[in-house]
Every structure is written in structure tokens, then in C-alpha cells.
Amino acid sequence: MVEPANTVGIPLNHAALLKDELDIVIPTIRNLDFLEMWRPFLQPYHLIIVQDGDPSKTIAVPEGFDYELYNRNDINRILGPKASCISFKDSACRCFGYMVSKKKYIFTIDDDCFVAKDPSGKAVNALEQHIKNLLCPSSPFFFNTLYDPYREGADFVRGYPFSLREGVATAVSHGLWLNIPDYDAPTQLVKPKERNTRYVDAVMTIPKGTLFPMCGMNLAFDRDLIGPAMYFGLMGDGQPIGRYDDMWAGWCVKVICDHLGLGVKTGLPYIYHSKASNPFVNLKKEYKGIFWQEDIIPFFQSAKLSKEAVTVQQCYIELSKMVKEKLSPIDPYFDKLADAMVTWIEAWDELNPATKA
């Protein structure tokens, strides 16, 4: 049986990497008691808490953490009419935190994610591993069978082209989960007691041209390289679909990273995912998406951006036009989503004028 790590007694990491260059974004509807477990690793960093649901509810944050908290009233005040692009009653609201951050890097984590243990029983500092992933190159153009060649103790294998060994900048570090796997509702229903106990000590670059289902509960990215594409769509209250927010962002991000020559890594670090969400509630949220994804994924697999699209914003606006043209015939929701994608970019550029395309 896999259990979370005990972090009591682990000293605070005063030499935290990128302490002044990274924000931690947490979407929540509840008190953040889970941060006590993460204190040794996360306390040195600044938190951006995005409160979902009832804005009159008070969210308690453990003492000693440096944070700013935004609720729906704050989102409406800051974005005005453009607040319509930020989801309500869904963890997709986290992307507002990406927008208001002024740091180069973002780590986002869910409030039911605890500290994992590696096979030796040592507590895993997930953020430290994400930073290592982001600070070393990716190799998307040719697969290395020893996985990440830039890790200590690994290298490029025989036959790997020397012209590609420099790699490219890493835009995204996608972490995994012990205990409760990130399954869809039908799989949850078929395997209600399944738990992930396998700790695979590997990081790999997702090859160019290959999509993946991005999970937002243990994720880090370079905001300067890919931030404007990290939009988690329209989900939750008033929308016909949920639980596709992070995957939608991941498909958009991967197409744009491939176009711009950026890397996406997956594997380490692990977190301990503490509780399974209700599969029947999930099925109601996912129902349409399960059908739609059979059209959405081929759409992204065939999406080609123009050579004129040289910034993330330009790429994203091109994608939004393709969504409107190709996916709107499936359901009017995609017409609304395409408009929200444009609104998101407009709001991003208003709050981040230095990065405007």
C-alpha cells in the first residue's frame, strides 16, 4: 500500500531554487491545511491562491506562507467584461493565477495532492524536480532510449544525431501521481479500487507531433515561453463539459510548442494524490467530452500553424480561428470557446503589456 510522506522534522529549504522567479498557483474551495505537509518545500515561495465558488467564504491559509488570494469578485474587478473567459465552479479558474503572476515560472498543484515518497522512503520535493526539468533542455526531435539524456548518470545513446544533442528550451514539466490515478469516469467505474503504486524513476521528452493528456494537478511551466497558451478553457458552471480544462490547455500548448521548437517533459516528479473524485459526478461532467474528444484529438493532430505565427499569442489566435471553423459544427460550445480563447489573449496582454505580441 502506498502512503504519503511524513515531512515533520524536514528543515525549511532556505536555499530554495528560483525562489524569486517562481509562483505557486493553487485553485481551491477549502482551507489549505494540506500546505502544512508541503511547508519544508513550498514555504520559501510566493503563493497565488485562486478561490473558486462562494467569494464570501473565508479560506484559511497556514501561518508563515507568503500569498495573495483572489476570489470571483476580484477576478470580475480586475478583468471587467473579460472575466467571462475565466471558468467558475471548476479548477480551470487556476489559469487566472497564471495571468496575474509576474514571475518567469509557475508551479500549480491541487489541494488534495500530498508529498509522495520515493522507493527509498524519502519525501519527494516535487517542486525541486520540476525546476530541474525546466532548467535543462528537451529533445523532441529524436527519441533517446535512455529517456532524459541530461539527467545525471544518463547520456545520449549510440546513434543519436550529434546535431540534435544541444536540445531545445523546456517549456513544460508534467508530473505524475501515486495512489489515485488520473482516470476518466468510465475507467474509475470499472476499476474503483485501483491505485498506482509504481514509482518509475524517469523523465522523458514527449516527441514532436505527439499529443498527450496533460493533467493540471502537478504541473510546472516557463511562463515566459508558453504562458499565454496555458488557458484552461470554459468549464464548470454554465458549460456543457468539465474535467477537460487541463487537457484542452495541453493540446493547445503541445501544438504551439511543436511549432515554436519548444520541449515538453513528463515523468518525475510524483505527488501523492489523496482522494478519488466521485465517478458518477465525473461522468456527468465528461459525458460530452468523451464523444467530442474523438474529433478534438484528430483536429489538434492535423493543426498546422503558419510561419507568420512567431509568438505564443499569434499561434493561439490562429488556433482559436481553427477551433471556430473546424470544431463549431460539432457543437455551438466550441464557437463560444473560440471567442473565449481570443478574450483570454486580450486579457493576458492587458495585464502583461511587456509580453504583448
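For all residues, glycine too, the Cβ spot is worked out from N, Cα and C.
Marked as site 'Required for activity' by TrEMBL: R158, R165. Marked as N-linked glycosylation site by TrEMBL: R158.
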Using C-alpha atoms only, work out the spacing between R158 (site 'Required for activity') and R165 (site 'Required for activity') and round it to an integer in Å.
12
Please list, in sequence order, the residues in the chain of R165 (site 'Required for activity') that are at least six apart in sequence and whose C-beta is under 8 Å away from its C-beta.
S139, P149, F156
Return the count of C-beta atoms lying within 10 angstroms of the C-beta of R158 (site 'Required for activity'), excluding that atom itself.
5
